[in-house]
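**Q** Here it is: the structure, laid out below.
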Amino acid sequence: MKNLIKVIAVIIGLALTAFIFLMLYVQTNWDRKYDSPYPDLKASTDSAAIARGKYLVYGPAHCASCHISLDDYEAMEAGEQVPLKGGEVFNLKIGVLTAINLTPDKETGIGNLTDGEIARAMRDAIGHDGRVLPPFMPFKLMTDEDVIAVLSFLRSQTPVSNKINKPEYTREGKWRLSTGSHQPRIIEGTPKKSIPREASVVYGEYLVNTVANCVGCHSVASIEYGVKEFEFGPLSGGVQFGGTNVNNYRFITPNLTPEKQTGIIANWGEEAFLARFKQGRIYENSPMPWGSFARMDEVDIRAIYRYLNSIPPIAHKIEKTVYGPGEEIPSF
Ligand code: HEC
Ligand code: HEC
């Protein structure tokens, strides 16, 4: 009997020690830093580069749908050039992250970040301080020309002072940061210098998979785990947004592949696709940045349509994409 008590005490003691070590490990390791070379790209004052950058930021690359104050959201969607002063809050499992002030203000914005630091954040998801950034900016393969355009536009803005809260990580977030399960997402490939802007499959592929990140929202598992793991195949839809509360609107992304029975656009013509994008937002809470995409020009929208029609059809039935308050989402 005594021996049994001893054994149990030793086991409890060991478990407790292991737990304390684990907590210490998380406490000392969650703030780990990453490194990668800074892209050798510099902002220019060329007016064509600045105009292209502004188009990308407010249009297909939709930086403006996150890096503004929520008070300005409606005006941004309506086509106004609201300041990129940051402040939108993202409540994630790993913590509360706030989109930073992207205006060139020295104290509160990107005034003290170098071009290399900003370009690396876009391409490698590593912050200026070496911190891992969320997989919201998967611009690894954005061409040199377009990254330069974005940098040139960002530098050309009027500075706006707006102090942004530092990220606050949850216990789960710190655990994932310390164990490296939340780390900069690696997107394979080498960025090109430039890609001709025309209504081609090649340019459409670039917009869908790199600039506009359609692939991130319209493919299961790509948001959290990286582009390589697609449960049903790329662009076949099925990602749920809006949480589990049935009193809210919730959304499921449609299948964008050209599969006749289950692909949402498989039976839309190119003109209908163009018209849908020009129409913009229908559902107030849809996470799709419709306002930004409505600013895309015809060439870009046609390129996207042509690319989506060139990819392998995948049969993946999404019953419905919009669930109103009180509606149960069937499991599928
Ligand atoms: C889906 C929302 C979203 C989009 C789209 C987005 N960002 Fe961000 N961005 C964020 C959030 C949130 C943070 C803060 C992350 C953190 O603190 O961990 C951030 C951080 C940054 C940083 C800070 C890096 C650092 O050193 O700390 C830069 C630079 C940046 N974004 C640039 C851009 C640019 C340029 C675009 C468009 C080409 C863009 N972002 C698009 C949400 C977004
Ligand atoms: C941030 C996530 C997100 C991104 C990025 C995104 N979508 Fe969506 N998309 C959704 C959601 C959610 C829905 C369903 C709700 C709705 O229709 O607004 C949707 C709906 C659609 C629809 C159906 C619209 C309708 O009228 O039924 C099409 C077509 C579409 N997306 C294409 C695209 C293309 C092309 C891109 C890239 C240029 C893209 N999406 C980027 C989340 C996203």
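Note that the numbers count up from 1, one per residue, in the order the chain is shown.
The backbone N, Cα and C atoms fix where each Cβ goes, glycine too.
Residues annotated as transmembrane segment in TrEMBL: 7-26. What TrEMBL lists as domain 'Cytochrome c' is 48-158, 199-312.
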**Q** Any residues 6+ beyond the ends of the transmembrane segment (7-26) with a Cβ under 8 Å from its own?
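**A** Answer is 174-175, 178.
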**Q** Taking every residue in the domain 'Cytochrome c' (199-312), what is their average pLDDT?
**A** 92
